[in-house]
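Visitor: Okay, these came from Swiss-Prot:
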| type | residues | note |
| --- | --- | --- |
| DOMAIN | 29-216 | domain 'BPL/LPL catalytic' |
| BINDING | Arg71, Gly76, Ala77, Val78, Phe79, Lys134 | ATP binding site |
| BINDING | Lys134 | (R)-lipoate binding site |
Amino acid sequence: MSTLRLLISDSYDPWFNLAVEECIFRQMPATQRVLFLWRNADTVVIGRAQNPWKECNTRRMEEDNVRLARRSSGGGAVFHDLGNTCFTFMAGKPEYDKTISTSIVLNALNALGVSAEASGRNDLVVKTAEGDRKVSGSAYRETKDRGFHHGTLLLNADLSRLANYLNPDKKKLAAKGITSVRSRVTNLTELLPGITHEQVCEAITKAFFAHYGERVEAEIISPDKTPDLPNFAETFARQSSWEWNFGQAPAFSHLLDERFSWGGVELHFDVEKGHITRAQVFTDSLNPAPLEALAGRLQGGLYRADMLQQECEALLVDFPDQEKELRELSTWIAGAVR
């Protein structure tokens, strides 16, 4: 019986694909070597310890229907679209070795006619007249008895959108998390016009089989039927939840300020695990009572636009004469924290 396993996802849902990856990783026998090939529609994928409000333009993501997905490995934020091919190599220890999986990807690229090399921060680069250009980035995760290496290859990604979503608004964030290093990148289509996701997957698969001297039939993973993976439903629910994707952010502080016709407002938030641990309001409004009440209501609540808006509007009952001010405040806060 082969020790290899090859899985190919036909889903573009990042939460589905990351849930599949997590389930396979947790449940695979320690003797198995796994290759999982997949890709995501418009998504910003952040590292396990990153702060989405720091890393991403979350407001523009919401406007453009771009998803946020937190992965279980470390590293920085990346934008995925269908111009990316994603790969995951898994193996038990002591056989797990990220240099092996890196070599397999380099061999696949070489077979396609691209000479690339490993570089620095877990990247694969190609030499161009303008200097080294990144075509692949990776991240890793290890437990006591197993490990995985996953990454992306840029085939025909929309690089302008990458800059849109990974450049955050100039907000006054004092984050305790990590801001990603931005890298100079290029698409493989610049080197191999017409290259497709299917061709890249085939090349990686062949290099995987060649390295281990075995072949195995591919398993197609699809959301049309629930994958036969123990605890998949629970894993998918967690992977797609606000609590995981946003709530796992490191502690940070956020200062919002705005001037309205009725006065200036400053809101200071301390946020931990997606919850507001402290809310302070400063204003030169002639009637500060609604804002003072708002600070008390926000304490302990979720740092989510809809929840903040809900708390603002709840004050209309106690302060009906300030309806105009509270509605303006509600709209501003909801937009500012997205």
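In case you wondered, yes, glycine gets a Cβ from its N, Cα and C as well.
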Visitor: Need one number: mean pLDDT over the domain 'BPL/LPL catalytic' (29-216).
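Guide: Mean model confidence (pLDDT) across the domain 'BPL/LPL catalytic' (29-216) is 88.
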Visitor: Which Cβ among the binding-site residues (Ala77, Val78) has the fewest C-beta neighbours inside 10 Å?
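Guide: Checked Ala77, Val78; of these binding-site residues, fewest Cβ neighbours within 10 Å: Ala77.
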Visitor: Just to be sure I understand the packing, how many Cβ atoms besides its own are within 10 Å of the Cβ of Lys134 (ATP binding site)?
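Guide: Within a 10 Å radius of the Cβ of Lys134 (ATP binding site) lie 18 other Cβ atoms.
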